Structures are given as structure tokens and as C-alpha cells.
């Protein structure tokens, strides 16, 4: 979480964690691939860690995102993703490829239909 001054709030609440046990992921082509948990480099074994951020709650307040004018806007919080390089296994062949991970929590808004009766 970013540090906020008194009186400042996030529109959406997020939680960030280091993920060390990821075994599968989606690559850039949309294929599910096997992520190697342990990586052997020069006879040393390393774990792959991924820093992931996701939304705590899609609706931090009953109307959706915090601070959005619910009279004119529909809103909800959603997790977005990005691609990072990871050592993966495909058909007994290890290779570096980009995999999708959770990276942020953002607010999505859409205008409500105004009814002028």
C-alpha cells in the first residue's frame, strides 16, 4: 500500500504478497504453462519469487469504489495483470517465457443511464 497522509484514502484496497510456490501460469499466447518452482543455476538451487498485488474486495464501500459519485457512476475494483519472465517447462524443455501475474487493483467506472422521465 502507498503511504497516505491523514485524510487521504485509496479508491480500492489492495494486498501485495511474495508468491514462491507458483506452479502454473498463463503465457502471452493464453496457454497454461508449468512454472518451475526450483531453478538450478551453476549447481545452486533458487526459488522463483513473484511479487503480486490483487484487490482485497471488489466493493470497498456498498456502492463500489471509494470516493466515486454513485449517483452518476457505477464502479467496482478489479485486479489487473502484467507479464514477467519466468523459467517454465514445456514438453521436458525448460525455457524463459513471459507469464501473467496480478499486479494492481484499479477502479472501473461506467456512467449510469440518466432517466429524464
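Here the Cβ of each residue, glycine as well, is placed from N, Cα and C on the backbone.
For reference, Swiss-Prot has these:
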DISULFID  12-77  disulfide bond
DISULFID  55-105  disulfide bond
DISULFID  65-107  disulfide bond
CARBOHYD  21  N-linked glycosylation site
**Report entry** Distance, residue 65 (disulfide bond) to residue 12 (disulfide bond) (CA atoms, angstrom)
**Finding:** 6
Query raised in the report: When the Cα-Cα distance from residue 65 (disulfide bond) is computed for each of the recorded positions 21, 55, 77, 105, which gives the smallest value?
Result: 77
Query raised in the report: 10 Å Cβ neighbour count around the residue listed as 'N-linked glycosylation site'?
Result: 10
Query - Close in space, distant in sequence - residue 55 (disulfide bond), Cβ under 8 Å, 6 or more apart - result: 12, 13, 14, 15, 77, 78, 79, 105
Requested in this report: Across all the protein chains here, work out how many other Cβ atoms are within 10 Å of the Cβ of residue 107 (disulfide bond).
Outcome: 19
